[in-house]
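Trainee: OK, TrEMBL features for this one:
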- G20, G22, K23, T24, T25, R116: ATP binding site (BINDING)
- 40-63: region 'NMPbind' (REGION)
- 115-125: region 'LID' (REGION)
Amino acid sequence: MVKDSIKRRKPNILVTGTPGTGKTTTSTALAEATQLNHINIGDLVKEKNLHDGWDDELDSYILNEDLVCDELEDVMDEGGNIVDYHGCDFFPERWFDCVVVLQTDNTILYDRLSRRGYKESKLSNNVECEIFQVLLEEAKESYAEDKVVALKSDTIEDISRNVATLTDWIRNWSIQV
Ligand code: ADP
Ligand code: MN
């Protein structure tokens, strides 16, 4: 994870991964530990109507990438954001200093998503997405290799360790500026 030459005083971090891998839980804890600003893209899209309607088949909003990127441009320039979303290929590459891909064991993920009440098709789509490491591949294709880090998120202990690791990294980044 190498620092960019961009003049941000605090880093921007993208937390991505298949739904249910713990992005929101991890981002919330990390924001608390570091005072960085947690941006949950799913919530933002709903609140500000940054979508083109509802997709019945996928059972989710159709996110409008241009609207989302326009909405975030200024705040991302400022730095100090933790962006939480299950996709990563449409954000400008220059926005992020670190791209975290959370990964969860398939059976654990299956249980989490059934508890969430996902319907069968959405459940199997997401577990398949995890099996084929779709988000890790997407991150590697969209960002420089030294910015992408995959972290295991099976247990509560994993969350604590990931938050501690990322908190250290954020502190170091800020000192180096
Ligand atoms: P995401 O934002 O990636 O969809 P969430 O953070 O909402 O995932 O987590 C989904 C569910 O799984 C929540 O009930 C959360 O408490 C649980 N969970 C997430 N990560 C872990 C983990 N590493 N260990 C145990 N439970 C977890
Ligand atoms: Mn979430």
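Cβ coordinates come from backbone N, Cα and C, glycine included.
I'd like these features described in context: how deep, what's nearby, how far apart.
Mentor: Neighbour count (other Cβ atoms within 10 Å of the Cβ, all protein chains): 27 for K23 (ATP binding site). In the three-state DSSP scheme, K23 (ATP binding site) falls into the helix class.
For the region 'NMPbind' (40-63), the model gives a mean pLDDT of 95.
Listed as Cβ neighbours of the region 'LID' (115-125) (distance under 8 Å, sequence separation of 6 or more from its ends, same chain) are residues 20, 58-59.
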Trainee: Is the region 'NMPbind' (40-63) packed against any residues at least 6 beyond its ends, judged by a Cβ distance under 8 Å, and which are they?
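Mentor: Answer is 24, 27, 71, 83-87, 118-119, 122.
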Trainee: Apart from G20, G22, K23, T24, T25, R116, which residues in this chain have a Cβ no more than 8 Å from the mean position of the Cβ atoms of those residues at the ATP site?
Mentor: P19, T21, T26, R112
Trainee: Check the binding-site residues G20, G22, T24, T25 for any whose Cβ is under 6 angstroms from an atom of ligand 2, and report them in sequence order.
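Mentor: Only T24 meet the Cβ criterion.
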Trainee: Within the region 'NMPbind' (40-63), count helix residues (DSSP H, G, I), strand residues (E, B) and coil residues, in that order.
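Mentor: The breakdown for the region 'NMPbind' (40-63) reads 7 helix, 10 strand, 7 coil.
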Trainee: On the DSSP side of things, how many residues of the region 'LID' (115-125) fall into helix, strand and coil, could you say?
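Mentor: DSSP composition of the region 'LID' (115-125): 7 helix, 0 strand, 4 coil.
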Trainee: What whole-number distance in angstrom separates the two most remote CA atoms of the ATP-binding residues G20, G22, K23, T24, T25, R116?
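Mentor: Value for the max Cα separation, rounded to a whole number: 15 Å.
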